[in-house]
Amino acid sequence: MKNKIAVLGAGSWGSILASVLVQNGHDVSLWTRHTDQANEINQKHTNQRYLKNYQYPSNLKATADLKQALTAAQIILFSVPTPAIRDVATQVAKILQEQNNQPLIAHASKGLEQNTHLRISQILEIAIPQSQCQAIVALSGPSHAEEVARQDPTLITAASTDLDAAKRIQDVFMNNYFRVYTNTDLIGVEIGAALKNVIALGVGALHGLGYGDNAKAALMTRGLAEISRLGVALGANPLTFTGLSGVGDLIVTCTSVHSRNWRAGDQIGRGQNPADVIANMGMVVEGVKTCQSAYELAQQENIEMPIVEATYDVLYNHANIDKVAADLMQREGKAEL
Ligand SMILES: NC(=O)C1=CN([C@@H]2O[C@H](COP(=O)(O)OP(=O)(O)OC[C@H]3O[C@@H](n4cnc5c(N)ncnc54)[C@H](O)[C@@H]3O)[C@@H](O)[C@H]2O)C=CC1
Ligand SMILES: O=C(CO)COP(=O)(O)O
């Protein structure tokens, strides 16, 4: 069934998800706040700043007019960085009220809000009244835009407490290279998605420091233990962390050259100033702000998260990165489980 879908955010992820949806036969309106970017997508079918040399389907329509993008939308997919979610969702709620529309809301963003420590679906739930929204679905898993663009096999999860809503998102995205599973553990999926970026910063830093695969595998594994500990304390199913949005996304983000978080960590490990690295990336590095939220959340919930704490110290307290890595090794002996 053909759906009218609004995709909000035309960075690398939103624009390629919009492309998948168009290829699947849906009527897609891709919203960006930049008119020149909308013009480039509509006229040249490119989005050079975000996905070099990729040709978008000619029937993908981009617009800088949010009202126009949302008109008659049956599904709205948010794909803006976490810090922008609340503001964009507030604008969306106002328009939906005027249009008297109640679409299904999905999001593909990965992070925790600063100060509130909220997951994306929680922010959306607050910003968009229930009367304006059928349900909320989170889309997550090991999926770099650059490889979806090549139509490499990609598997992700659509998570919602409303299984029918998750199935609808599964249906609109599934094709021969994009396979979608459903999951009702929204908390686990969103926590895995947000926290893997923090661990990838750390693994990238180890690479930059010159450490080998033993150290990186160790950080990934113990990082997953921290993610699971936090997730379970917040109500997640521990098994979710063995899935696509848990270990799956952790692996891809900690090992892929496409990962902005890994690349940022690598440069920091080589001695560059974290603020400069983030400023020069040209795309969002979600793990940096999420690290602060995760650090505060761990303190608040009294959860032991030494890797998150070490990453926080490097990013926010100018801690010496060699010393931080050495200190992690000097912690008292522990039971693994
Ligand atoms: N790039 C990827 O392969 C993947 C990204 N993600 C997630 O998707 C989300 C978006 O990431 P990307 O597209 O990669 O980021 P990006 O940095 O490539 O693009 C972000 C887009 O959001 C727009 N934006 C930023 N602030 C905004 C605001 N206040 N209002 C409206 N638009 C705003 C920017 O103009 C840009 O078009 C992130 O949470 C990321 O973790 C998830 C899976 C894969
Ligand atoms: O979430 C992602 C891959 O699944 C993207 O990770 P980066 O933001 O580190 O590129």
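Using the three backbone atoms N, Cα and C, a Cβ is placed for every residue, glycine included.
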Of TYR50, TYR54, the one that TrEMBL places in the same NADPH site as SER12, TRP13, ARG33, HIS34, LYS110, ALA145, ARG260, VAL284, GLU286 is TYR50
Given TrEMBL annotates LYS110, GLY141, SER143, LYS196, SER259, ARG260, ASN261 as sn-glycerol 3-phosphate-binding, which of ASP152, ASP249 belongs to that site as well?
ASP249
Rounded distance in angstrom between the Cα atoms of SER12 (NADPH binding site) and ASP249 (sn-glycerol 3-phosphate binding site):
17
Those binding-site residues in GLY141, ASP249, ARG260, ASN261 whose CB falls under 6 A of ligand 1, listed in sequence order:
none
In terms of DSSP three-state secondary structure, what is the assignment for LYS196 (active site, proton acceptor)?
helix
Proximal residue to ASP249 (sn-glycerol 3-phosphate binding site) among recorded positions TYR50, ALA145, LYS196, VAL284 (C-alpha distance)
LYS196
